[in-house]
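Here is the structure we will look at.
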Amino acid sequence: STNLLSLFISTIKHLLFQLIFILFILSYHQSMACLELSKEVKVKGEEEECTNDGTVDFYGMPANRAKTGKWLAGIMLLLNQGLATLAFFGVGVNLVLFLTRVLQQNNAEAANNVSIWTGTVYIFSLLGAFLSDSYWGRFKSCAIFQVIYVTGLVLLSLTTQRYLLKPEGCGERETLCGVHSNMEISLFYVSVYMIALGYGGYQPNIATFGADQFDARDPREKQSKLAFFSYFYLFLNLGSLFSNTVLDYFEDEGKWALGFWASAASAFAGLVLFLGGTAKYRHFRSSGNPIIRFSQVIVAASKKWSVETPENEDELYEGDDESGRKMLHTHGFRFLDRAALMTSKEQDNEKQSNRNQWRLCPVSQVEEVKCILRLLPIWLCTIVYSVVFTQMASIFVEQGDAMKTTIGNFRIPAASMSTFDIMSVAVFIFLYRRVLDPIVKNIKKIKGEGQGITQLQRMGIGLVIAVMAMLSAAIVECYRLKYAKKECTHCEGSSSLSIFWQVPQYSLIGASEVFMYVGQLEFFNEQAPDGLKSFGSALCMTSISLGNYVSSLLVSVVMKISTTDNMSGWIPSNLNEGHLDRFYFLLAGLTILDLVAFIACAKWYKGIKHGGEMIQQVKEEDKCEV
């Protein structure tokens, strides 16, 4: 226990040292800004083109279009994302097997713990988005959370190597590990939840930070910004490819410490790469605490509850809102318009430049609240899809482990079947961008930068494909049971049905991700207010989180109901005695109901409207001094 405590303390010291070091580097660069700028000798009147969207460079100066952002910065961030994802899935893809083989948990308990852990990862995305949008900015948030992430991976690797793999050589298919002390198990959970905090806080910010590198008000860069989200999701999947093949193989053979150390090295390399691009990034300034801004609108509207809502929007207070582009008034949620209604007292205060922000809010601030309220129903409809998606990391693996996993003398790790999901993502991203969307644009006769299939339509298509994936998984399970041995102690490989029959369900999940998750990233980033872009990305991550929690709850409820009268239940430790096929059919039915609700919400939804919505053409006179 003393050694464990010393290890934990030394790891925390290491974390604090890294945080202080990064803050020192950031402060040093900031303090050198004036010196660097003073050394620049410019001919009087010389000008260089800057971005039109208000982005700045590291020193807080207007971002130079030629020297910052675009694909050079974007590719560095995509590589950083790939390395971080490799590290994450190096832990997550086989975590359910680690819990059963090393910590000796049963299938249902391990699946629940993995769902809860994965859900917590994405809950932390809300924290990361809040700190980024409110105080730190996306660059500093990414740097700090990556330090926490690397530290958690190092702690997990040390804990596994020194304390959990006892006796030596345990943790592989045939040899289970011994009983562990409460301190050892606690240290394991501290490390994996540090990983959850680090990766969760980093994830929504890196997606939005990457999109920030492209000027949406420049027609030459807007298309690149839309393409970035597809490539972001592609690199996310390519990053997990190495984990799902090489690392998965070593971990499945019991070499857990090697797999975890490789993940730690990958995350550290990604952090170094991220910091190496500091001078090339574009930044948006943080816009303040959104909770206060939202509260001001609610309080101001409540104080004028008895006042009649004006019919003419010209009577509403426009004001000066510095959180981003001006948002135009919309007619939904009209009760909130009272927050922007000026009474005689407020008109007097406005003339004296003494506006009470808790009694009178600009239209743009009111529209921010309306925008989030409109996004919530769409967001809620994505949670059921995430329940389907999360089965790939838990139930799919357990199902595959009970199938024939050998080709000759070579054994295929069940978790490595997610490689087909990754391959499917890569193929369908290409098919969508290069084939499907252009065809639809030609049919609809859409010219220019418009999309043939809207983001909401893509999300609906994703739900349809998810239903097909669950039906495929259910049919495979029916045949797996048909060729399974009913009596077995350890039921790995107990069915003669080949694991390659899982390929359709993994491929369909991959196809659905391209439509659902890439569409979500684009939709929430585009529809979120300017000061809440990270929050928009976090909504996508949080739907995955709640999907994991709902999955865990659903498994518990199903087991509670299906184990009555001494029955084995649908998902017992010995899957050959259960009915996993019924669980898949249940998920297919729930997804169909969710699709109906999603269609209704999509028809109701009205998009965000900005003032000056027309994209500015880049002209020679559009210059700014450096």
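Think of each number as a place in line: the chain as shown, counted from 1.
Just so it is clear, glycine is given a Cβ too, placed from its N, Cα and C backbone atoms.
Positions annotated as transmembrane segment by TrEMBL: 6-28 (among others).
Per TrEMBL, the feature transmembrane segment maps to 71-98 (among others).
Marked as transmembrane segment by TrEMBL: 110-131 (among others).
Outside the transmembrane segment (143-165) by six or more residues, the chain places 4, 7-8, 11, 14-15, 18-19, 22, 26, 84, 87, 91, 102-103, 128, 136, 171, 177, 180, 184, 187-188, 190-202, 205, 254, 256-257, 260-261, 263-264, 267-268, 270-271, 274-275 with a CB less than 8 A from a CB of the stretch. Residues or ranges marked as transmembrane segment in TrEMBL: 143-165 (among others).
Annotated transmembrane segment per TrEMBL: 185-202 (among others), in sequence order.
Positions annotated as transmembrane segment by TrEMBL: 226-250 (among others).
Annotation comment: TrEMBL describes 256-276 (among others) as transmembrane segment.
Per TrEMBL, the feature transmembrane segment maps to 375-397 (among others). Same-chain neighbours of the transmembrane segment (375-397): 92-97, 110-111, 114-115, 118, 414-415, 417-418, 421, 456, 459, 462-463, 466, 469-470, 473, 502, 505-506, 509, 512-513, 516, 520, 523-524, 527-528, 536, 539-540, 542-548, 550-551, 554, 571, 580, 583, 587, 590-591, 593-594, 597-598, 601-602, 604-605, counting only residues six or more beyond its ends whose CB sits under 8 Å from a CB of the stretch.
Annotated transmembrane segment per TrEMBL: 417-435 (among others), in sequence order.
According to TrEMBL, the transmembrane segment annotation covers 456-476 (among others). Within the chain carrying the transmembrane segment (456-476), a Cβ under 8 angstroms from the stretch's Cβ atoms is held by residues 378, 382, 385, 388-389, 391, 396, 399, 497, 501-502, 504-505, 508-509, 511-520, 523, 581-582, 584-585, 587-588, 591-592, 594-595, 598-599, 602, 605, all 6 or more beyond its ends.
The transmembrane segment annotation in TrEMBL covers 583-605 (among others).
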Segment-segment contact (the transmembrane segment (256-276); the transmembrane segment (226-250)) at 3 or more Cβ pairs under 8 Å: yes
Intrachain neighbours beyond the transmembrane segment (71-98), with Cβ under 8 angstroms and 6 or more residues off its ends: 110-111, 114, 117-118, 146, 149, 153, 156, 171, 192, 195, 199, 202, 206-207, 209-210, 213-214, 224, 228, 231-232, 235-240, 242-244, 247-248, 251-252, 256, 259-260, 262-264, 266-267, 269-271, 273-274, 276-277, 280-282, 393-394, 397-398, 401, 413-415, 418
